[in-house]
Amino acid sequence: MEVGRFASKSASMTYLLLVLLVGFILPQQGQHAHARTLARRDNSPTDICKRWSQQTAIVNGTLYIYGGRSTTDASQKDNTWNDNFLTLDLKSSWGISAPKLTGLPRGDNGPPPVSNGYLWNSFSSLFLYGGEFSDNPATEPVDFSLWEYSIPSSSWIEHKSPKTSSGENSAEANIPVQRSAEGAGINVPDLGRGWYFGGHLDGYTTKGWSQSIPRVYLKSMIEYTFPGHTNNGVKINTDDKRAGPEGVWRNITEGGLQDSAGFTERADGVLVYIPGFGKEGIILGLAGGTNATFTQMNVIDVFDIASSKWYKQATSGKTPKIRVNPCAVAASAADGSSTQVYLFGGQNLIPYGEQIQYNDMWILSIPSFTWIEAKTDGQSVPPARAGHTCNIWNSQIVVTGGYVGQDLSCDSPGIYVFDASELTWKNQYTALEGGNDLNQQASQTRDSSGLGGSYGYRVPKVVQSVIGGDETGKATQTVPAVAPTDGPLATGQPLTYTVLPTAGSGPHAGSPGSGSDGPNIAAIVAGVIAGCLGVLAIYLGFVTWLYRRRLAIYKSHLAATQRSSIGSYGDKISSFPPRYSDHMSSSGLGTTGSTGNLTVTTARMSWISGDNQRHNHTRSSSGGNFDHLAQPERPSTSSSVEDLLAGQEPTFLGVMLNPRQTLRVINQ
């Protein structure tokens, strides 16, 4: 009985456990499965251990960071490729220990996880080109698509299976565009174009490429014309000659020196845009190489955008060591007379297995093409790195990520700031007020060709000492130190601008976020003072002229008085010439004059007896002779020389304080 009761209870307990399993545990498992689905749509994480080989772009004060490779802890060795999509706010200030990163949604509706591609940008969109897929674990690439991110709608758009169009110095039309990786990218939003130079193709970039086939390095340049923009170098099959919604592609393979033996294949280099010289500006290609050779730094490849041709230009000065995977940006002097290219970091892979990373900063000043090392000894310089990205805003270079080798366990958050004007590494980014959407120099805002990111930039003193001029520009070295033989550098010149005198607007000029393009009290006060001094100088000049005229009249009057006295032997004072109509002061002149041996003293001269009496005399309307003694009358232009005839020599102060009376005297 007890056994049966126990068995009954045992069965009841079993049933209860089954109910709990079905009613609680299984739903929880279902919730976890749904959570994994949602996690795929969660915002991208901002906390990492290391980050490198990502793609970045700035649009209107926001830095966008997509994909690349990252680890979450020091022990992670695989699964480093990611599709994280982040923004970094450059419109407000922050410290490098806590940059203002925001994770954007990621999911199945966006690009695949790739690294070492490039993020072009227009004024409202991002365009992700190229990149390679994971090699650990090995991942088969998908067919190439250009991925466009619409900033206004916060959504990704896939442009599938693009093909080339025919154009100048380019390959034939209707060739499928390939995905390359580790090339050098650049874009010019005002032109509505992006470029990707060199790189490589292999089994991690191209679908169907066998891993047994060696990597192929490139020296071609792929060009993409953004939707809605024009491009005279490529055939556009629309009535208005503007690219359609899919854009237009061109593969430039025969531009100038590009098809010559001296123009080598390369990957892991950088491109920099320089306004001026050609009709649409020029692009510089620096650094990079292959698994066997490196590109030298004493000769720079120069691409003329308008003619789609490559040239070479020799440099001067001590050159940086050969390297791959550096980063580079450009900043323009306020007057445009010089542009400085900043090149940071990179690595040397030769000999194989003994790679070394760099953390040095170099400046290539254009148009002199002179290398200048930016000394940063004693500063908090970031650890040496390669595969990082650089972007410039408010004349501050923002360095993101980078491969730092095996000795450093983590490099978090891995974002650093370099002041391009002061040549110093900072512990914070400083937002400036009063800029513009393109962040151009204030003197260049009316010209769409002005270089973005240069707002507040001042030419460093070490650069001034080499190219001449001052912090606003005025470079005296306006041509390459090694004379060019051909191309836009031989025939063109930089775009220059007029710089109005203003207070500095660089990050050194005020507290974070204070800016300098708002009301500037010092500038206003200086302007007011300068204006007042200018008015005062004009007035004093006018008073000086009045004083001299009146003094001359006084001396003429005095001489006439003396001649009259001499003519009467001192018996009486004859009438003044008709032009004078007022009385002499009872105080007299106390003046002694002499003619030959005759000395005449005219003292205390008055029209009537009595030292303290003052009267006005009127003259006839004809102005011929003095009339009889009359009653005092209101001052008028007909009786305008009281002070002069009062016997007092005019003073400069008196004329300055009463210029109207002096004018009446002169006009009479």
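Yeah, the Cβs are placed from backbone N, Cα and C, and that goes for glycine too.
Within the same chain, the residues at least 6 positions away from ASN60 (N-linked glycosylation site) whose Cβ sits under 8 Å from its Cβ are PHE123, ASP437, listed in sequence order. Among the features that Swiss-Prot reports, N-linked glycosylation site is placed at ASN60 (among others).
ASN251 (N-linked glycosylation site) falls within a strand segment according to DSSP. Other C-beta atoms found within 10 angstroms of the C-beta of ASN251 (N-linked glycosylation site) number 22, with every protein chain shown included. According to Swiss-Prot, the N-linked glycosylation site annotation covers ASN251 (among others), on the basis of sequence analysis.
The N-linked glycosylation site annotation in Swiss-Prot covers ASN291 (among others). Sequence-distant neighbours of ASN291 (N-linked glycosylation site) (same chain, 6+ residues apart, CB-CB distance under 8 A): ARG215, LEU349.
Mean model confidence of the repeat 'Kelch 1' (62-108) amounts to 95 (pLDDT, 0 to 100 scale). Per Swiss-Prot, repeat 'Kelch 1' is recorded for 62-108, and the stated evidence type is sequence analysis.
Annotation source Swiss-Prot lists repeat 'Kelch 2' at 125-176.
In the repeat 'Kelch 3' (283-331), helix, strand and coil residues by DSSP number 0 helix, 25 strand, 24 coil. Residues annotated as repeat 'Kelch 3' in Swiss-Prot, with sequence analysis given as evidence: 283-331.
Mapped onto DSSP helix, strand and coil, the repeat 'Kelch 4' (340-395) counts 0 helix, 32 strand, 24 coil. Annotation source Swiss-Prot lists repeat 'Kelch 4' at 340-395.
Annotation source Swiss-Prot lists repeat 'Kelch 5' at 396-445, citing sequence analysis.
Per Swiss-Prot, repeat 'Kelch 6' is recorded for 463-509.
What Swiss-Prot records for 1-32 is signal peptide.
Annotation comment: Swiss-Prot describes 33-522 as topological domain 'Extracellular'.
Summarising the annotation, Swiss-Prot assigns topological domain 'Cytoplasmic' to 544-668.
Sequence annotations record features per position, and here Swiss-Prot assigns transmembrane segment to 523-543 based on sequence analysis.
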Legend entry - Leading contact stretch, 62-108, 340-395, 463-509 vs the repeat 'Kelch 2' (125-176) - CB distance under 8 Å: 62-108
Inset, instruction - Summarise the repeat 'Kelch 1' (62-108) by DSSP state, stating how many residues are helix, strand and coil. - result: 0 helix, 20 strand, 27 coil
Inset, instruction - Take the repeat 'Kelch 2' (125-176) and count its residues per DSSP category (helix H/G/I, strand E/B, coil), listing them in that order. - result: 0 helix, 25 strand, 27 coil
